[in-house]
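Comments concern the structure below.
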Amino acid sequence: MRTALVLLLSITATAAGGSGNQSALNSQGAPAIHVEHLIIGITVVCAVVWLLVMIVLGWALLRKRSSDSGPPRDRPLTTIVSSAVAATVVIIAALTIASFYTTRSIGLPGNTALTITVRGQQWWWQVIYADANPAFSFQTANEIHIPVGQDVQIQLESADVVHSFWVPSLAGKQDLVPGRSNSLLLRAERPGTYRGQCAEFCGLQHTHMAMMVIADEPADYQRWIAAQRENSVMPTYADAAAGKAAFLSKPCAACHTVRGTSAAGTTGPDLTHIGSRQTIAAGLLETTRGSLAAWIADPQTLKPGNNMPMVPLTSVELRDISAYMESLK
Amino acid sequence: MIVRDEVEDLRDTALDEVQLDRRLSETWSTPTGLWGALSTVDHKIIGRRYIYTAFIFLALGGILALAMRLQLSEPEARFIGPDRYNQIFTMHGTNMMFLFAVPVMEAMAVYLVPLMVGTRNIAFPRLNAFSYWMYLAGGLLLWIAFAVDTGPDVGWFAYVPLSGPQYAAGKRADIWAQMITFTEVSALAVAVEIVVTVLKQRAPGMSLDRIPLFVWSMLVTSFLIILAMPAIMIASTALILDRLVGTHFFNPAEGGDVLLWQHLFWFFGHPEVYIIFLPAVGMVSTIVATFTRRPVFGYLAMVMALVTTGVLAFGLWVHHMFVAGLPRLGESFFTASSMAIAIPAGLQIFCWLATMWAGRPVFKTPFLFVIGFMVIFVIGGMTGVMVASVPFDTQVHDTYFVVAHFHYVLVGGAVFPLLGAIYYWFPKITGRMMSETLGRWTFGLIFTGFNLTFFPMHILGLQGMPRRIYTYQPEMPWSGLNMFISLSAVILAAGFLLFFIDAIRSAASGPAAPDNPWGASTLEWATSSPPLPYNFARLPVVGSLEPLSNNSETLSVAGGLSVDRRELIVTSVVEALPEARESSPGNSIWPLWSALATTVLLIWSIFTPWAVVWGSIPVSIALIGWFWPKGTPEDDT
C-alpha cells in the first residue's frame, strides 16, 4: 500500500516525463496547470491523513496491554475523538476553500478573442470555426488548432447523445449535452499536439472518439486558418483527378463535403482539407494513403458499428480515391 | 375457564420447555417438500435464499469483471468486441448494484434484524416472500436477456438519449429499465418490513438507546431506500414510456430534458451508495464490539453519524454531474455538502479506532476483514473528498480514477465488512463454523489482490484513461499498468474462489457451532445455531444495550403468547413497552402467484402497453387470493 502511494506521488512529481500527451499530470495549459496543483495538494494532504490513521490503527491494535489494569476510561477517549473530528472539520474546510479558489482561477474570462464550436457526433468531433464573414467560416473534424498563450472558448454542443470533451493536458472535461450549449476555456502555454478523447459513454464506438488539439505559434496559426479557409485544392496528379471523379460519382458525396466541388453532404466529416489532418476516423489511424485506403475499403472492420457504410469500389477506384483524399491538404 | 383456554388459546405460560418447543414447532415450522419451500414466510429461510442468490450474482458479476480485465490486458486486444463489451460492463455494474449489493445487505437484515430485536418473524412476512420472488424474477430477466445477446448495453446509469428510442433500438434498454422495476419493488418491500419490524416488534425493554448498531444502520438504510428508490422508478418508467408509447420526457426536441434523467438517476444513485455502505457500518460496529471485547465507543455518536449520513446522502447527487454544465454556484454547494459527509464518516472511523484502542482485540477472520476495511475504506473516503472538488473532478470524472475510487468505497467499504459478517454470522445461520485457516488465506488473497488490482487504476485515470472503453491504442502509456491490473485481478478472483469453497465446504461439513461461538452480546446469539423456526421459545426482555454480556444464563423473558397460532409482541416505538399481542401471518402460496403474475405483466409491458391492462387481471386475482379472509384468528386481531 505504502509503496503504491509513493509510486503515485513519484509519478505525480515526474509527470511531465512519462505520462504522454493525454494526461492530467502533464498539464500544458493554465486551467490544467491550476487543477494539477490542486490534485497534488489534496493528494498530499489526504495521504498524510491516511498515514496518520493507519499509524493510530496499528497502535490501537498492537499496543501492549497490561493484564492487571481495568478497562480504560472513556473520558480521555472522548476528548481525543472530539479533537480528531474537529481536525477533520478544519481539513475539510481548508480543502473546500482550496477547491473554490481553483474553480475561480479557471473560470471563463469575460470575453475571449476566439470561439470555436465543437459538436459531438457518434463517433467523431465536428469542429466549426465561425466567422462574422460567412466566406471565412469553415469546418474541420477531430482536429482543433488554437494559438499558443491565448484563451480560447470552446462552445460544446451535441448532435445526438451526451459526449464529453476532454483534453486533459489543457483542461478538465465538459459534457456536450443535446439541447444545451456548454462552454469550456482552453489554453495552451506551449506549442504541441495534445490528445483528447470522449469521456462520456456514447455508444458502440465511444472508445474510438479521439481528437487532437494542436497549439500553434500565432503566425503558424494564422497560416493554418488561411489555408483552411481556402476551397479544396485541384488534384494535380492523374490518379487523384480520377479519384475526385470517382468520389463525386459514388455515394461518398451524399455524406461528405469537399468545398469547391459538388460534394456537400453534411452527415459525415467535412473532407475539404482531410489530407492536412494528422489522423482519420477520430484518432484511429495516422493519415497516410495506405490508412485512407484501408479505411475506405472497409470502415466496419476498423471501427465496427460506425456510421460510414462500406461502398463497393474497384481496386483502381479505391486507389484513386485514396490518392485524392491524401492530396486534399 | 382454564380448560377452555387450553383448548382455544393455549399460552406459553402454561407449558414447560419441552411441551412449549413441540407446540411452537407445530405452529411455526415450514412444511417439508416443494410446496412448503414455495409457500414459506419464515424470515430465516427467505433471508438465506436472498443471501445465496445475491452471492451467486456476485460470482457472475465477478466473472464479467474478469472478462473485462482479459480484454483490457493488452492494447487492441480482440477477445471481446465492442458490442459484447458494452453489454458486459453494463451488466457488471447493473448486476453488482441492483442484484448483489443492495439485495445482499437487505438479505442480511431480513435474516438478522428479527433475531437481533428479539421477535419471531419479520413484519409483513408474506410481503417478504413476495419481495424475494420479485428479486429472483428481475435477476433472471437480466441474465437470461444477456445470455441471448439482449443484455443492456447503455451503462448501469442508462443516460438518455443513448438509452432512448432513437439511439437504443431493440429491447436491451427496456430489459434494463424493467429490471429496475423488479429490484426496486423488492427493495422497497423489504425496507418497509425492516422499518416496521424495528419500530414495532422490538423485544420489550429494547428502547431506542438499546438497539444494536447494526439494527440502527438497517433502519436508516431502509428509510433511505423508501426515499430514494421512487426517483429511479419514476425515471425508468418515464424511459419505458418514451420508448414504448412515444412520450417525450427526455427528448429535448419536444421540450423534454436530457439532464432531467441525470438528476433523477443520481438523486437515487447517490443515496444508493449509502444504502450499500450504512449496513456495512453496522456490520463493522457489531464485529468490532465482539472482537475487542467491549461495546463500541460512542454509541450515541455512532447513531447520530448514521442519521447524519442518511440525511446528507440526499444533498450530494449533483457531484455526479459536475461536468454536465450546471451553474457554478450550485456546484459549489454540492462540493461543500460532498466534503461535509467526510465528517460523520470520520467520526465513525475515530470511534472504531477508540474502541480498538480501549478493547482487547482478538484477531479472528471477521475482525481481519474489518481491519482490511479500515485500510481500504479510508483511501476510498480520501478519494471521495478529491472527487467532491469540482476542478479535481473535471479531470478524473469518467476515468479509471473514479473506477478505483468507488471500488475502494464499495468493495472496501461494503464487501469487506460483508465478508467479515458472513464469517461472523455463518455459525448462526448454518449451525457450522467456517475454517479459520482458510479464512485467513481468503482475507490475505482478497486484501492483496484488491489493492494490487484497484490502486493502479487511480494512476491510469490521471494518465488520461477514460472508463467504458473496450480497448486502447498501443501508443497510449497505459499498457503496462493494465497488464499488471489484469494479473492482479487473478489474485483477487482466487481469494473469492477460496471464500466460496470455504463457505460451501463448511456449510456441508464444518464443525458444529455453539449458540454463541464468539461470546457476542446481541440477542441473535441467545437462541440456538441455527435458530428454531420460532426464533425464541420465550421472547426475551432487554434491560441493556448488551443483553447477553452480563448474565447470559438468566435472560428475562416475556410470556403470555399463544402457542397454537403465530403470535408476537408489538411494542411502543420509543421505549419498546409491550402494547399488544399481534398475530403473524402463516405460510401462503399466494405471494408466489402474485409475483409470477406481476412478472408476466412487467415483462409483457416491454412489448405492448396493453400488457398493463390485461396483465393486471391475473395480478388482481392473485392479490384477492392473498388477502382473502380465512376466518382464522389472524384476521381478528
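Using the three backbone atoms N, Cα and C, a Cβ is placed for every residue, glycine included.
As annotated by TrEMBL, domain 'Cytochrome oxidase subunit I profile' applies to B:29-543. Look at TrEMBL and you will find B:50-68, B:96-117, B:129-148, B:175-199, B:211-241, B:273-292, B:299-320, B:332-355, B:367-388, B:400-426, B:438-460, B:613-629 (among others) tagged as transmembrane segment.
Counting residues 6+ beyond its ends, the transmembrane segment (B:50-68) has Cβ neighbours under 8 Å at 79-80, 85, 88-89, 91-92, 95-96, 99-100, 103-104, 106-108, 110-111, 132, 135-136, 139, 143, 429, 489-490, 493, 496, 500, 503 in the same chain. Note on the transmembrane segment (B:96-117): residues 43-44, 46-48, 50-51, 53-55, 57-58, 61, 128, 135, 138-139, 142, 156, 179-180, 183, 186-187, 190-191, 193-194, 197-198, 201-203, 206, 211-212, 214-215, 218, 221-222, 225, 272, 275-276, 279-280, 283, 410, 414, 418, 421, 425, 428-429, 522-524, 527, 531, 535 of its chain, located 6 or more positions outside it, place their CB under 8 angstroms from a CB of the stretch. Within the same chain, residues 280, 284, 287-288, 291, 319, 335, 338-339, 341-342, 345-346, 349, 352-353, 361, 396-397, 401-402, 404-413, 416-417, 419-420, 423, 439-440, 443, 446-447, 450-451, 458 sit at least 6 positions outside the transmembrane segment (B:367-388) and bring their C-beta atoms closer than 8 Å to a C-beta of that stretch. Long-range Cβ contacts of the transmembrane segment (B:299-320) within its own chain (Cβ-Cβ under 8 Å, at least 6 residues beyond either end) map to 209, 213, 216-217, 220-221, 223-224, 227-228, 262-263, 266-267, 269-271, 273-274, 278, 281-282, 285, 326, 330-331, 333-335, 337-338, 340-341, 344-345, 347-348, 351, 387-388, 393, 545.
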